Amino acid sequence: MGNHTTVTTFLLWGFSSFPELQNLLFVVILLSHVTILLANASIMVAIKLNHNLHTPMYFFLFALSFSETCTTMVILPRMLVDLVSESKTISLPECATQMFFFLGLGANNCFILSAMSYDRYTAIHNPLHYPILMTQKICFQLIMASAVLGFSVSLCIVIIIFNLSFCNSNVIQHFFCDIEPVVSLACNYTFYQKIILLAFTAFVLVGSFILIMVSYVFIVTIVVKLPSAKGRYKTFSTCSSHFTVVFIHYGFACFVYLRPKNSDSFRDDTLLAVTYTVLTPLLNPIIYSLRNKDMQIALRKDLGNIINFFPKMINKRS
């Protein structure tokens with residue numbers, strides 16, 4: 001942190017702009033938070049306990065569910081506290097820490113989605129050598145590379161932002177420490193720094209999205225050459241869940257982080273941010289559960305085991 005910083009605490013103004021919605025938002029976000037935790041935990045447990053799900057695709061899904069859960073833990077508990085608290089202050093180090101983990105986990109999600117698209121391409125393009133090309137070791141290396149790259153980019157962004165001087169105001173027009181609401185408070189934020197931050201953001205969002213689209217172009221090229229309609233449908237169905245999640249994830253993220261900003265857009269961004277910090281992690285496990293038969297079978301099996309467990313325990317005690 002620079003010694004020239006004059007502001008030591010920020011005020012997360014976010015939902016103070018919507019006093020009439022705060023009670024409703026608290027209930028909705030609390031229920032959503034619990035649902036996100038239960039849904040993602042169910043997917044991770046199902047993958048862990050069912051050996052037929054011990055494949056690269058589900059290994060990446062486990063990592064994505066874990067990352068999404070961590071992302072919500074960085075934002076939602078603090079959001080819930082601020083909705084019922086009079087004091088909405090956050091210190092400079094806390095703000096930097098929150099931004100570091102939120103951006104790092106968000107970037108990690110993007111790179112995991114890229115790895116998942118590469119996995120689908122490898123499975124479709126070279127099914128015979130797929131077990132050799134996508135070993136557990138390679139999957140683990142891709143997951144680690146996603147995390148290291150994501151948090152490295154996040155660290156660079158946080159260092160740039162929190163070496164600025166904050167002397168215009170200490171009121172963040174948001175419910176968490178995000179890039180634009182924080183840098184808008186700096187009094188020495190230059191065009192050069194703005195370009196660097198935009199380049200980092202574009203590297204994560206546009207770079208990973210290009211890798212995903214390249215994988216899908218090759219997938220489509222391969223699939224359209226398959227002789228049977230049934231084969232084409234079956235192959236496309238293995239990618240449908242991933243593509244749906246990609247569309248939702250990048251749609252919200254690109255709209256928030258890559259479009260031109262002004263001070264009047266922060267109010268709209270606050271409501272939109274609720275969508276991508278709550279709705280996206282909520283939809284991901286639902287999409288993978290509804291559109292994946294193997295996952296449905298595993299979840300039903302685990303649910304059946306849980307239901308049968310309690311009567312057995314009662315019988316033992318009696």
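The backbone N, Cα and C atoms fix where each Cβ goes, glycine too.
Annotations in TrEMBL come from automatic prediction, not curation.
Feature annotations, reproduced from TrEMBL:
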DOMAIN    39-288  domain 'G-protein coupled receptors family 1 profile'
TRANSMEM  24-47  transmembrane segment
TRANSMEM  59-80  transmembrane segment
TRANSMEM  100-118  transmembrane segment
TRANSMEM  138-162  transmembrane segment
TRANSMEM  195-224  transmembrane segment
TRANSMEM  236-258  transmembrane segment
TRANSMEM  270-290  transmembrane segment
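For the domain 'G-protein coupled receptors family 1 profile' (39-288), the model's pLDDT averages out at 87. Two recorded stretches are said to be in contact when at least 3 C-beta pairs lie under 8 angstroms, sequence spacing 6 or more; the transmembrane segment (195-224) and the transmembrane segment (100-118) meet this definition. Ranked by number of Cβ pairs under 8 Å to the transmembrane segment (138-162), the listed stretches 24-47, 59-80, 100-118 are led by 100-118. Counting only same-chain residues 6+ beyond the ends of the transmembrane segment (236-258), those with a CB under 8 A from a CB of the stretch are 57, 106, 109-110, 113, 116-117, 120, 123-124, 179, 198, 201-202, 205-206, 209, 212, 216, 219, 223, 269, 272-273, 275-276, 280, 283-284, 287-288, 291-292. If you look at the transmembrane segment (59-80), the same-chain residues 6 or more away from its ends with a CB under 8 A from one of its CBs are 14-15, 26, 29-30, 32-33, 36-37, 40-41, 43-44, 47-48, 90, 98, 101-102, 105-106, 108-109, 112-113, 115-116, 119, 136, 139, 142-143, 146, 175-176, 277-278, 280-281, 284-285, 288.
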